[in-house]
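The feature transmembrane segment is assigned by TrEMBL to 6-28, 60-80, 215-241, 278-299, 359-379, 399-418, 449-475. The domain '3-oxo-5-alpha-steroid 4-dehydrogenase C-terminal' annotation in TrEMBL covers 152-260, 391-509.
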Amino acid sequence: MTTTVLVLRCLWVAFSACVLSTLISGFFKSMIVHGKQREASTLSKLPHFWVLQIELKKRWWTFFYFGGTVFNGMLVYAVWMQPRSATMQSLLALVHEVPKDSSASYLQINDNTRFFTILFQVQVTRRFLESLLVTEFGSSTMHASDPDAIITYEDTWCRSRVIGLGALLFLVGSQHQFQCNRILASMKRQNGMKHVLARGDWFDFVRCPLYTTEVLIYLGFALICGGSNVTMYFVFVWVIVNQAVCADLQSKWYDTKFRERLHELPRWKLLPRMKKSAWTWFYTAGCFWNVFLFYLVYFQPESAMTQSMLRWLQASDDASTPLVVRNEVVVFMACFAVQSTRRFLECLFVTQFGKARMHVSVLIIGFTHYLLIGVSVLSDKDALNDKEPDNVRASATRLGLALFALGSYHQFMCNHLLAKQKAANKMRHVLPRGDWFELTRSPLYTTEILIYLAFLFITGGTTISLYFVFIWVFANQAICAHNNYNWYEDKFRDRLAELPKYKLIPYIW
């Protein structure tokens, strides 16, 4: 890592820290707020802090979008049309270490970074045109340089899908950001340039959709770089911190400005709430994805797609030796595919969601959970078939299969009983009866922990990644069980004698 790259990363961290400091101090607040939220800070009135008193018309934001458009246009031209020029090579040498034993005559930028420069130019140009023709609102700028930018990676199936997902997020975020800007500008003009409560598109879901879409766009950029560009993660952290703090400040402004019309506003600042039935979405994705992974490692272990995926996950450059997943991990992949499929079918045919709602972050966590566990296990060095089978691991696998069957059966039964009793009570909350509801107040969480404990045994207890997964599942289910326990205490305070004593683990806690 060169000094230049280190300085850039430290700057992104410093920017993020400064923005976060506005939550506890007004020192930087007057620098990041603008327009309707701007107010003079006490600090800006001191003689030595005259810089905080400088104010410009908001339309001056057009200038840095113009500068960004011109500069990034030159950068795109250099990257695509003049990659071997002396100027470009000098710039790359400034931010990248050149190995002394390198036989290459010049530094070559990988395709992911080249693709990123195009999309970032599209983003900056679009924002420049919007500031001229549609709206006065803007967003942060950035610079990108990272050692990953000149490393050439194998064009693997997984890497191309990550880039494709990033491009999709970029397109979705850009389209909705433009729509929200257009709607806001149109409504302000109709209202004589006075502040309005905007309606339509993502304004119906969150109070600050322009910040939401900005976060989505930069998440797309991080994925477009292949998910391995470290500096882009620093940039993304800066963007999400900045947009989250701005969304919090804007939400407080809404509470003050439209205090008599708060019922017309979405409740959520940056990320929305949605119907709990949306759980079906990540179970659908998890079902198809994990069945597909199992198909690859069991039925197509030597195919080019499987080997490409495994080499990418294992960070292996040896293409001459096929990578083989050991049998216990294949069994785990089968069980996890069964678990994902069962939960998907339960959502469709068993669970009664009613009108319950959840925060969209739960949906994001669900997608992350079910899409990453399989690849996390396959990325573990222990996942490969480099150990001789032994009786201890075989016994652990058999015990794990028994625990998995036990947990799955009781989880299904508890889901079935809860749905049946809610339906019989006209979808009102009930005190469920039967099966493990007689032992603990949260048997669905208990069985979930049992199932993931089973996964540890199935893999022989040597897959390190699964220990981290188990800790995450246990902590999450324990917190949910504690909250569920308190909810029962409040909701059924007159019927506590009918409830089991234990929150999560019978006879223990």
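Every residue, even glycine, has its Cβ placed from backbone N, Cα and C.
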For the transmembrane segment (449-475), distant same-chain residues with Cβ under 8 A (at least six beyond the ends): 328-329, 331-332, 335-336, 339, 373, 376-377, 379-380, 382-383, 387, 392-393, 396-397, 399-404, 406-408, 410-411, 504
Contacting positions for the transmembrane segment (359-379) when only residues 6+ beyond its ends and CB under 8 Å are counted: 158, 268, 271-274, 278-279, 281-283, 285-286, 289-290, 293, 297, 309-310, 313-314, 325, 329, 332-333, 336, 340, 459, 463, 465-466, 468-469
Averaged pLDDT, computed only over the residues in the domain '3-oxo-5-alpha-steroid 4-dehydrogenase C-terminal' (152-260): 79
DSSP-assigned states of the domain '3-oxo-5-alpha-steroid 4-dehydrogenase C-terminal' (152-260) in counts, ordered helix, strand, coil: 84 helix, 0 strand, 25 coil
